[in-house]
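Structure, as structure tokens:
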Amino acid sequence: MASLGVDSEQEPLLGDTTPGSREWDIIETEEHFKSRWRSIRILYLTMFLSSVGFSIVIMSIWPYLQKIDQTADASFLGWIIASFSLGQMVASPIFGLWSNYRPRKEPLIVSIFISVAANCLYAYVHVPASHNKYYMLAARGLVGFGAGNVAVIRSYIAGATSLQERTSSMANTSACQALGFILGPVFQTCFALIGEKGVMWDVIKLQINMYTAPVLLGAFLGILNIILILTVLREHRVDDSGRQCKNINFEEASTDEVQVPQGNIDQVAVVATNVLFFVILFIFALFETIVTPLTMDMYAWTREQAVLYGGIILAALGVEAVIIFMGIKLLSKKIGERALLLGGLIIIWVGFFVLLPWGNQFPKIQWKDLHNNSIPNTTFGEVIITLWKSPREDHSEEPTGCPVEQAWCLYTPMIHLAQFLISAVLVGIGYPSCSVMSYTLYSKILGPNPQGVYMGWLTASGSAARILGPVFISQVYTAWGPRWAFSLVCGMVVLTITLLGVVYRRLIAFSVRHGRIQE
């Protein structure tokens with residue numbers, strides 16, 4: 001046996017971890033150390049593929065839906081988009097509970113298999129003679145159900161890392177998730193070269209085109225992921241100091257393993273962190289939703305311009321998020337996770353405060369009787385219709401501006417482009433900081449106890465936020481305009497900061513709370 005350690009706060013993002021870089025009071029063989037970090041990196045890949053599974057078809061769902069089922073409308077589109085988050089919300093606690101009592105390979109493999117099967121179903125939704133839209137709804141819901149393994153991933157990483165390694169590992173996990181969201185649409189764009197017709201494999205009635213090729217790639221990557229989990233992933237569990245713990249997920253016990261420290265989890269801190277995580281994802285989901293309609297209303301952009309420029313802005317925010325994840329490890333070491341979470345919330349508040357309309361310049365009014373792509377009153381499905389409008393359509397006669405049907409357009413000052421861009425940058429800084437810090441703190445609050453169920457509830461709260469955020473902004477923005485919408489968001493962030501202030505002293509690691517480790 002050898003005394004081994006790793007200064008994970010200093011390691012590069014996704015970089016190699018070299019044993020022996022710093023001496024802690026940890027007893028761990030080199031073989032165990034390497035196996036532990038190989039397993040963690042396999043789960044980084046699983047998180048990346050889960051994110052790709054959501055975003056790889058997001059640009060093509062609407063035209064594909066219109067092609068396979070003429071009865072589908074924007075309202076049904078909203079259900080298809082929401083079905084992913086609904087499936088994930090339902091599955092996360094289930095997989096989390098499963099992972100608490102059985103080897104975590106089991107829920108991981110089953111969840112990925114469900115995603116693979118769902119992607120194959122999506123590739124065949126054009127085959128039935130009727131009700132095609134419901135097959136697509138089921139396919140996307142099952143993909144979301146499979147993505148409930150995010151709870152297992154976070155639970156595993158939290159249980160397989162010490163307190164010193166935790167923030168770095170969580171940042172790496174978030175970076176992989178963000179990269180998946182960024183690269184998914186890029187893959188979709190590459191497959192657009194295949195065209196709508198594509199090629200037909202008559203033997204199995206499979207049409208490979210710009211709509212089905214992305215999900216077939218997702219299914220193939222899922223199979224590779226299952227193989228890697230079967231061959232590489234091993235069950236590992238350490239306490240907050242990094243010592244190996246008795247692992248209920250592993251059949252073989254080791255005499256060198258220590259018992260899990262006993263003590264009560266601070267349930268107030270657990271509930272508060274779930275609320276904080278919900279609000280953080282709720283705010284970012286509504287910001288993503290509002291980009292296209294806001295820019296069309298304020299700057300008289302056409303649908304093509306809104307899709308192009310909005311896509312560039314969101315992609316830039318994704319790159320910005322990855323950079324933030326890279327810097328968080330060093331910052332958290334210097335000022336701590338709680339301070340970073342508070343700072344991120346303040347930055348988000350400033351971002352939405354900057355977005356409030358002011359001045360004497362008003363947006364161009366769209367007088368024609370046209371239902372543009374602003375957010376509807378009844379459903380958030382139409383919010384993203386612009387993302388699927390064909391660039392080949394002739395928009396030379398397309399009316400632009402803020403539609404007169406939205407009464408607030410007549411008296412609300414426009415939001416200047418500089419305001420919007422500054423707000424986007426600030427939200428792009430605050431959101432990734434808050435996201436990583438919230439579930440890093442959450443995992444530390446839970447301590448070395450099995451975290452599957454708790455992580456399942458955290459993931460479920462995030463999924464609920466992604467459903468409710470667009471619904472909230474769709475109602476408030478259309479009825480009352482950006483001044484009320486963003487004022488309410490600012491008020492929500494103030495309440496969240498107040499909640500954080502109330503529970504600030506309780507958001508500490510399990511071992512620190514019970515006096516086993518000094519903070």
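Every residue gets a Cβ built from N, Cα and C, even glycine.
Features of the protein shown, as given by TrEMBL:
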- 39-508: domain 'Major facilitator superfamily (MFS) profile' (DOMAIN)
- 1-21: region 'Disordered' (REGION)
- 42-64: transmembrane segment (TRANSMEM)
- 76-96: transmembrane segment (TRANSMEM)
- 108-125: transmembrane segment (TRANSMEM)
- 137-157: transmembrane segment (TRANSMEM)
- 178-195: transmembrane segment (TRANSMEM)
- 215-233: transmembrane segment (TRANSMEM)
- 268-287: transmembrane segment (TRANSMEM)
- 307-328: transmembrane segment (TRANSMEM)
- 340-359: transmembrane segment (TRANSMEM)
- 420-442: transmembrane segment (TRANSMEM)
- 454-478: transmembrane segment (TRANSMEM)
- 484-504: transmembrane segment (TRANSMEM)
The recorded stretch from 76-96, 137-157, 178-195, 215-233, 420-442 sharing the largest number of CB pairs under 8 A with the transmembrane segment (268-287) is 420-442
Do any residues, 6 or more residues outside the transmembrane segment (42-64), come within under 8 Å Cβ-to-Cβ of it, and if so which ones? 14, 77, 80-81, 84, 108, 112, 115, 119, 122, 136, 140, 143-144, 146-147, 149-150, 153, 156-157, 172-173, 176-185, 187-189, 192, 210-211, 214-215, 217-218, 221-222, 225, 228-229, 232-233, 384-385, 387-388, 390
Under 8 Å, at least three CB pairs between the transmembrane segment (178-195) and the transmembrane segment (307-328) (pairs 6 or more apart)? yes
Pairs of Cβ atoms less than 8 Å apart decide it: which stretch in 76-96, 137-157, 307-328, 484-504 has the most with the transmembrane segment (340-359)? 484-504
In the domain 'Major facilitator superfamily (MFS) profile' (39-508), averaged pLDDT is 82
In terms of Cβ proximity under 8 Å, which residues at least six beyond the ends of the transmembrane segment (108-125) contact it? 46, 50, 53, 57, 68, 91, 95, 132, 135-136, 138-143, 145-149, 152-153, 205-207, 212, 215-216, 218-219, 222-223, 225-226, 229-230, 233
